[in-house]
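Residues or ranges marked as domain 'ABC transmembrane type-1' by TrEMBL: A:93-301, A:399-593. Summarising the annotation, TrEMBL assigns transmembrane segment to A:21-46, A:93-117, A:129-149, A:175-203, A:224-245, A:283-300, A:331-354, A:403-425, A:441-458, A:464-482, A:529-553, A:573-593.
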Amino acid sequence: MANKRALTVRSTRFYNGLTNWLRSPVHLIGLAALLFLAYTIAWPVMKILYTTFLWRQQDVRLTGEANPGHFTLYHWTRVLASDMSMNLFYKPILNSLGVGFAVSALSMLIGCGLAWLVVRTNVPWKKTIAFLAVIPYLLPSWIISQAWLTFFKNGKIGGTPGIMEALLHVSPPDWLSYGFVPIVVSLSIHDSVFFFLIVGAALSSMNSQLEEAASVTGAARWTILRRIVFPLVLPSILSGFILIFTKAISSYGVPALLGTPVNFYMISTMLYSSMRSRLTTEANVLSLTLMIISMLTIYLNQRVVGRRKSFVTVTGKDSARTLTSLGRWRYPAAGTAAVVMILISVVPLLVLLFQSFMLKEGVYSLSNFTTHYWWGGSDPDINTGEKGVLHNDIFMLALKNSLYIAGVASVIAAVIGLVLGYVVARGRQSWIGRMVDQVSFLPYLIPGISLAAIYISMFAKPTLIIPALYGTITLLILITVVKELPFTVKAGSASMMQIGKELEEAAQISGASWFTRFRRILLPLNQKSLMSAFLLVFIGAMKEMELIILLITPRTETLTTITFYYAEKGYEQLTNVILMIIIAIVITVYFLAVKFGKADLTQGIGGQ
Amino acid sequence: MLNRFPKKKPALVLLTAVSAMTIMSACGADNSSNTLSNAVPTDPPASTDTNANASTAPAADASSAPAAESVDDLYAKAKEDGKLIVYSTSGRANDAAETFMKQYPGIKVEVSKVKSDEMMDKVSKEQDAGQFNPDVIITKEVSGAVEEEMVMTGRYLKYLPEDIAPMVDEPYRTQAEAYANYVEFRTLFYNKSTYAEAPVTNWWDLTTPEFKGKVYTADPLSSPAFMDLFTTMVINSDDMAAAYKEKFGKDIVLNGTDNAGYEFIQELFDNGLIVLKGSDDVLDAIGKAKSDALGLAVSGDVSKNEEKGWTIAPIYDIKPKTSVPDSGYFFIANKAPHEAAAKLFIRWMMGEKEGTGEGLAPFNEVGSWVPRSDVKTKNDISFESLNLWLFDGDALYKTAPKVRDFWIKQK
């Protein structure tokens, strides 16, 4: 009897404990998020991990010992401890880590500098600078590396001499022309906008009373920056750091172009090689090593951020935001920033635009001007009769699909990112928050092709409640959302971390449900971060290639698949036309977002 | 320079081919691959494929078709379906599709462009999940993996119209894994404004001081088709050894390598081989400005000469052999939903029975060869006179990873 009672008490207590635990929105949403992540990310990663411990039929090619279907450590030994390891793994991984850290550091410098200038100072032309900062990300990263080669290449890779060599008659050394340095610079130029937006959002939601208080007590400007501003935006900086680090070590196009001439291989280029040579398991092992490395960095990040008490800068109290005056440096600073950014973003853009109107590449005369590549009919002398882009039969369909996928995916991705970011930020002391943080970070490191291939198997047949999605646009949207989670969740959590709990608590006391709180308080306060997430995912989705190419069916052609076709045939101008159209669309979306979404990246949240 | 090649007598070629075919058919069909043919139904798909639900064997479906499928019959049937799905590694399929839709109104052709290795993943996963989407497959080999993993397992089916078969050159009529509508290969290119004629005649010329630091290649690590050439040299190392002797007048001495093929790769590296990302980068390197360097690239690239502003020319005779073919194979996919249209489209791309149809035009280009005896090539040299190694899919499949390992170790 007493026994039974004790049991009842215990089970009641357990039941109460559970309901209490579940009553917390962080836990409930966290569980739902984990379920989603488990199916869309963890499960594919498990599948990849599983294959690395099995012999496959293909492995008979590598060794006679292969026994298809049975357990083996061969693949891991081959990569980590064989006579191949040095060139297959250790040298590439050192290169990857080096590039990863250098790109993150350089992007931090560029991104934070710009963000501070635009958000916290009285520099003029803010909107222009903020807009220019996004443009390098609009360009495909290989265009930036191509531009680098045009300037700095030396005789090693032949062809027409580089501009530097032609003007100065000095041959640039190999280290300047190829390998580490140009890869780091190209990737930093391309990706530092992530830093700019994440840190910019954090800076702008920071209450300047903190700075003023310090100023009143006599702290120097540098001290304020170091002791107040920096610690407060630390979570954002760390987020940006990890994000850029991961993007850099997983990038393929730039290292392939700039690294190959000097035998500079990274894990990503090796991985691509394994993939193309159909040594799939080797590719899987390599991608898992990248995942392990980034999970370690995230763990370290959680240790750093988790220990700190609060980064809250948005509280219930409103206050005016005062800007740091640059004094007589106002115009020089703005001028330098604008000129540099025009050089690295607007110039390549204009070159591409001109090229799309040139009949023959590189011939600068009026007679060479043509609109053929835009809306010309079929002319057997040009591109073996290929019509202009606007006359391409599937252009309208592809444009519609691209817009639809990018539009829907970026809205969903931004909101999911914010919700998961909420879980990460509020639950950063609990396992749920950390899990969501870790798992949501993997998609950047799963090679797009592997992820897409696994998604075909997962979504070709209806399973449980999920219908067969393969061949539908929904699957393309889903994979785009998943692939961008690392960024959206990071942006979301960095921004959520600054919003005080008491705002929510106040609403909760007055009886607002979680949904109302989210819609009425969190959404508006995170609007800026939300908009930048939306914008960057939109750009990414418009440019996306490798992820989509496997999942596409003729019905779901997108702009990038047309680009793929043109590029393969060597129709450079036509490729440029598509690129210009994509860029024009993104710029339009940007201005619409600024105008109607109030996504002004230069204004604060607390102030006005 | 090309009139150095004596053209083989066509009659002799035909005779050899016909006798080869007779022998082949006498011995029964080649059972390493699956055939989808209207008149010669062969074995059902190999049972090695446990995943594909092969309850109804596609080859058996085909064999129940009437013996002689005329173009009219096919068109009538194809029109009922009204569409056709093509997975292609080459944009040439899009060009052929356009003329096809004019010739045969009522059939809509949808072409998906996918890389050969990705296509293998895509089709395997689709078929394993019970989705049979594509009808026609146009693909290059991936070091023998297409034959090993897709053809032998019955995912890609061989199809060669009976009435056109006699005009097809070997190995593409019976010996190869399927019919290929065009054949390209990797070879050396030089700059026409530097050299009046081909500066090398032997692969070993590249290891001499004259070409130190002056040989470019696209990275074989990221383009397996380039590796296939080097792997073929390893497989045929005796040929390479003989060519060495012919060049230097003495037997080859191996410096720690297994055979003359590996030795060639090692000496190429020792002589300062420069690896670039892709074929276009190589031709930019030697063809954009005056250059005395040589580059390894795809024969078909010669057609881009004008477009890209290059002044390059390919070398079509190198000892011991110029290269190994890189063929654009035609298959019909397992359980193709629009089989009649698929057959009709393949016939169209082959130029129909006479080989004169418009559908062949995108494939019959400078730098690529149509292996049909009745089709006139646009090149100065005929397909039969090209001095190429045989594409040995099985040997390549097994050897390619080893050569890749060797290549990586050179870094």
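Cβ coordinates come from backbone N, Cα and C, glycine included.
Beyond the ends of the transmembrane segment (A:283-300), by six or more residues, the same chain brings 45, 48-49, 51-52, 75-76, 78-79, 89, 93, 96-97, 242, 245-246, 249-250, 267-268, 270-271, 274-275, 437-438, 441-442, 444-447, 450 to within a C-beta distance below 8 angstroms of the stretch. No contact links the transmembrane segment (A:224-245) to the transmembrane segment (A:573-593), because fewer than 3 Cβ pairs that are 6 or more residues apart lie under 8 A. Across A:21-46, A:331-354, A:464-482, the stretch most heavily in contact with the transmembrane segment (A:93-117), judged by Cβ pairs under 8 Å, is A:331-354. If one looks beyond the transmembrane segment (A:573-593) by at least 6 residues along the same chain, the residues whose Cβ comes under 8 Å of a Cβ in the stretch are 131, 134, 138-140, 349, 352-353, 355-356, 358, 361, 373-374, 383, 386, 388-389, 399, 402-403, 531, 534-535, 538-539, 542-543, 559, 562-563, 566-567, 599. With respect to Cβ pairs under 8 Å, the transmembrane segment (A:403-425) is most closely packed against A:464-482, considering the stretches A:129-149, A:175-203, A:441-458, A:464-482. Below 8 A, the CB atoms of the transmembrane segment (A:175-203) and the transmembrane segment (A:129-149) form 3+ pairs separated by six or more positions in the chain. Here the transmembrane segment (A:21-46) has long-range neighbours at 291, 419-420, 422-423, 426-427, 430, 432-433, 435-436, 439-440, 442-443, 446, 450-451, 454-455, 458, 478, 482, 485, 514, meaning same-chain residues at least 6 beyond its ends whose C-beta is under 8 angstroms from one of its own. If one looks beyond the transmembrane segment (A:464-482) by at least 6 residues along the same chain, the residues whose Cβ comes under 8 Å of a Cβ in the stretch are 40-41, 401, 404-406, 408-409, 412-413, 416, 443, 451-452, 455-456, 537, 540-541, 544, 547-548, 551-553, 555-556, 558.
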